[in-house]
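Summarising the annotation, Swiss-Prot assigns domain 'Protein kinase' to 16-304. Here Swiss-Prot flags ILE22, GLY23, GLU24, GLY25, ALA26, TYR27, GLY28, ILE29, VAL30, LYS45 as ATP binding site. According to Swiss-Prot, the active site, proton acceptor annotation covers ASP140. If you look up Swiss-Prot, you'll see THR176 marked as phosphothreonine. Taken from Swiss-Prot, the feature phosphotyrosine applies to TYR178, supported by similarity to another entry.
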Amino acid sequence: MTASSRNVRFNVSDDYEILDVIGEGAYGIVCSAIHKPSGQKVAIKKISPFDHSMFCLRTLREMKLLRYFNHENIISILDIQQPQDFESFSEVYLIQELMETDMHRVIRTQDLSDDHCQYFIYQILRALKAMHSADILHRDLKPSNLLLNANCDLKVCDFGLARSAVSTEDSSSFMTEYVATRWYRAPEIMLTFKEYTKAIDIWSVGCILAEMLSGRPLFPGKDYHHQLMLILDVLGTPTMEDYYGIKSRRAREYIRSLPFKKRVSFASIFPRANPLALDLLEKLLAFNPAKRVTAEEALQHNYLEPYHDPDDEPTAPPISPSFFDFDRIKDSLTKNDLKILIYKEIMSMNN
């Protein structure tokens, strides 16, 4: 069936009735729909990736990883529309759970209570514990990638930039596609620490918590230099130990050229916040990635005590770096090679 909503054509099976366009991105559009046999409301994400290799790679990562994880706080793929044949295959249709809104919209339209902040951060960290136990870095955690429903259930989405945490690829390759929103980027990414760890996701969670507490982004940098300045305006000039933790000589010289800055207390920035929230925030936003808490440690923090249950915070089996073999050889893959990989991935799900 070809359905249209706002002049958008969705070539999906007759099992689905398309309702409304609910989101648009660089290479995709999302509609709400009803799965007629079950009556279930779903979201259908239409992706047209074949114009750019980068979009193909993102689509492949997203499909493979969302199929791998089976977690309450990670969006799942219910189905993928099977193409008629390889030759005419030009669009990917992912059928997913329907979530009503996202954290970006919620923060923009209402003040969040402390209870909301607790519950949302708990769910983000619960998802992150599973991802990190599987040796996956999300690399693009931000409010718009946190989907919410009316019950305040939270699900992390958009794994298009995800990577193996044990990858052998060098940092320059790791960064090639790094277009993650600057405001949630850890300082080591800008200072080229040479190796990137699970701590980059933890930093993003800290930025999200800060934004939930105040309703505004904590570090809304206009460019690379401004971003770093805003971080140092709050955290202060790095200690000698943290300074020498920066492997890049050029980055160290740049930091040394900046005027000395004193640390600003989070209590003065967020005067109405729960002190326990601010204590967790300090641990999430440590300048030195080696000193940041892990997702598992953060879940045990007193701020999250109302929700923490060690028996209900599942891990996931580690993913072999070979899962991302296509990423390692991506420079030698043609768009047709990538199309074949995506086609095979879809057919394997439908089998």
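Cβ coordinates come from backbone N, Cα and C, glycine included.
Summary for the recorded positions GLU24, ASP140: the Cβ-based neighbour count within 10 Å is maximal at ASP140.
All chains included, 21 other C-beta atoms sit within 10 angstroms of the C-beta of GLY28 (ATP binding site). Taking CA atoms as the reference points, ALA26 (ATP binding site) and ASP140 (active site, proton acceptor) are 15 Å apart. Recorded residues GLU24 (ATP binding site) and the residue listed as 'active site, proton acceptor' have their alpha carbons 17 Å apart, per Cα-Cα distance. Neighbour counts of Cβ atoms within 10 Å were compared across the binding-site residues ILE22, ALA26, VAL30; the minimum falls on ALA26. In the three-state DSSP reading, ILE22 (ATP binding site) counts as strand. In this structure the C-alpha atoms belonging to GLY28 (ATP binding site) and ASP140 (active site, proton acceptor) are separated by 17 Å. Summed and averaged per residue, pLDDT over the domain 'Protein kinase' (16-304) gives 93.
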